[in-house]
Amino acid sequence: MATATLTIDLDALLSNWRALDAQSAAQTAAVVKADGYGLGADRVARALMRAGVDRFFVAAAEEGAALRQAVGPAPEINVFSGHMRGDADMISDMMLTPMLNSTEQIVRHLEALPAHPFGVQLDTGMNRLGLEAPEWAAVQDLIMQRGPTLLMSHLACADEPDHPMNPRQLSAFKEMTDGLDVPRSLSATGGILLGSDYHFDLTRPGVGLYGGMPFVDATPVVSLSVPVIQVRDVAAGESVGYGNMWIAQRDSRVATIAAGYADGIIRAMGEKVDVFAEESRCPMIGRISMDMIGVDVTDARAEPQTVELLGQHQSVDTLAEAAGTIGYEILTSMGQRYQRRYKSS
Ligand SMILES: *Cc1c(COP(=O)(O)O)cnc(C)c1O
């Protein structure tokens, strides 16, 4: 086995979805943008359908089209970026539901596909996507006559439960939508954990399904096993890797493993990450190369054939911290070279 293996535990994925679903009385969708946060949107979505998910969110129409091929005609597929120029045929043929983000998108959609379902995204302070309050006030009557499927907004600081932005966005959302007879959605993973005020009719978890923070009780979904290419003796005083960054303080055994920054093992992790040879914790040493990393296996109980970088011993958030980033980026950076294996009972 020459390439690293990313194992995706679909049972863990479903158990995370069920746990998040149980936190609210709302309907629970699933966000599978960026190829299911790097884990394979088709497999992830088909598994989630078995747990009862019938509504997915993606970032762009192209993702929605690919997902439609994988899940068939039944589930609703919502597109966060809305109706972009040139997308009308795809939206129509692939039965996608755009979340319209601007007056321009509303005009484009109603002109091109007057009878085709759509939702509306409102901006409640994040200033990323969606209509602002005055724009919404101007088109609200027109939109309400057309029967939107959903009114949604997105929280900027939901991973910080005490942040004053959360209640501010909540009240802005209510002001813009109270009394309207349309399903509403405000919360992704972080918002679900803020409590029932934030749930409305539909929640949209992503990262929590895949085992990442801020869902602290998530079951790990991914494990990453990396083969050892070669093990060598390195005498005290000798160096390992680019720039001679690591110098052996004692006679050592050093394994070179088959993954690097081209596979999403971000170079900035440097020597802050350990890997596991069975139960032995072994430090990564020297600079991370494009396709290889050095590991000090001197103290491993047995010389390993593979090492574990993610799994029961180490989560995506541990790696994220070492790289100064978030679990989302670790997940979505995981390389195309990995062999993806799906595990379910
Ligand atoms: C990505 C995204 C989500 C899912 O967010 P998580 O934090 O991964 O749960 C939900 N809604 C919108 C608008 C998003 O962009």
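Glycine is treated like the rest: Cβ placed from N, Cα and C.
All TrEMBL annotations are machine predictions without curation.
What TrEMBL annotates here:
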type	residues	note
ACT_SITE	Lys33	active site, proton acceptor
ACT_SITE	Tyr242	active site, proton acceptor
BINDING	Arg128, Met290	substrate binding site
DOMAIN	221-343	domain 'Alanine racemase C-terminal'
MOD_RES	Lys33	N6-(pyridoxal phosphate)lysine
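DSSP places the residues of the domain 'Alanine racemase C-terminal' (221-343) in helix, strand and coil in these numbers: 24 helix, 47 strand, 52 coil. When Cα-Cα distances from Tyr242 (active site, proton acceptor) are compared across the recorded positions Lys33, Arg128, Met290, the shortest belongs to Met290.
Around the Cβ of Tyr242 (active site, proton acceptor), the number of neighbouring Cβ atoms within 10 Å comes to 12.
Neighbour counts of Cβ atoms within 10 Å were taken for the recorded positions Lys33, Arg128; the minimum is at Arg128. Reported as a whole number, the C-alpha separation between Lys33 (active site, proton acceptor) and Arg128 (substrate binding site) equals 17 Å. The Cβ of Met290 (substrate binding site) lies under 8 Å from the Cβ of Gly260, Tyr261, Ala262, each of which sits 6+ residues away along the same chain.
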